[in-house]
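As given in TrEMBL:
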{"type": "TRANSMEM", "residues": "48-73", "note": "transmembrane segment"}
{"type": "TRANSMEM", "residues": "79-97", "note": "transmembrane segment"}
{"type": "DOMAIN", "residues": "134-260", "note": "domain 'Palmitoyltransferase DHHC'"}
{"type": "TRANSMEM", "residues": "177-200", "note": "transmembrane segment"}
{"type": "TRANSMEM", "residues": "220-241", "note": "transmembrane segment"}
Amino acid sequence: TMQSSGHRFRDVEHHPLLADNESYDSSSSSSSSSEADMAERVWFIRDGCGMVCAIMTWLLVVYADFVVTFVMLLPSKDFWYSVINGVLFNCLAVLALSSHLRTMLTDPGAVPKGNATKEYMDNLQLKPGEVIYKCPKCCSIKPERAHHCSICKRCIRKMDHHCPWVNNCVGEKNQRFFVLFTMYIALISAHALVLCGFQFFSCVRGQWTECSDFSPPVTVILMIFLCLEGFLFLTFTAVMFGTQIHSICNDETEIERLKSEKPTWERRLRWEGMKSVFGGQPSLLWINPFAGFRIRRLLLRGKKGGPEFSV
């Protein structure tokens, strides 16, 4: 604990004046422009394990798409069966990978580093002796419900958990994309399992003649691996999707649930919680990972720092 301008810092959680939707706001124009500049950059965590897991996710989806398209659908004699299932599976795959990218490259709600300064304290206009809380690891004043991530090396607003499969934290600003990612992966996994079932039945009935352009042993091996992948991904993502929806409807993050933290905030329950995460009234935009995407965020604006960089 240290004294500064009649106010006290504590290395704990939050201060009521720092609401979830607020961000560090300095009176100086340089700080304001810096924050505006940060908002336009793409977030990326340079974590070796996370990058490997993210690449594996893409490779597994590409593998599933290869088996479904070239082993099952293209050799099929039923034209419309191939077209309908091919278009549906590939659309779901694109939506899943797009959701993955948005989750990975979106700032999850990082609190600016090093904002626990005298200037910032003066801008808060706190009463003498009033206690605020800071993070001793990244020297930032922690908003309510923010937690420090040891991998991102930042405090994250409404941090739910750090997911290596998306190489990022799941927090206030990217939870929607993570929910869409789990939903679309679960859907393509279920679709792949159904197609595998039909394909096995068709191959056995036809005694493996003209069943696929590949030899029967290769076809069997490819489909067995796809079934295992589909079953594991479906189980994992379906459970994660249900957990995320439950947390959103109860306005409680996974960290808060595990720590059994008593809410000091006014909870948004059920639809209010869903609308706060997905934005606005229920619509097709809720399931669109491209909503709010701006091409200019992909323009290089090279500036790196900490464990993440932005472009």
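Using N, Cα and C of the backbone, Cβ positions are placed for all residues, glycine too.
All annotation found in TrEMBL is predicted automatically rather than curated by experts.
Residues 58, 61, 64-65, 68-69, 73, 180-181, 184-185, 187-188, 191-192, 195, 289 of the same chain lie 6 or more positions beyond the ends of the transmembrane segment (79-97) yet place their CB under 8 Å from a CB of it. Counting same-chain residues at least six beyond the ends of the transmembrane segment (48-73), those with a Cβ under 8 angstroms from any Cβ of the stretch are 81-82, 85-86, 89-90, 93, 96-97, 100, 104, 151, 164-168, 185, 188-189, 192, 195-196, 199, 212-214, 219, 222-223, 225-226, 229-230, 233.
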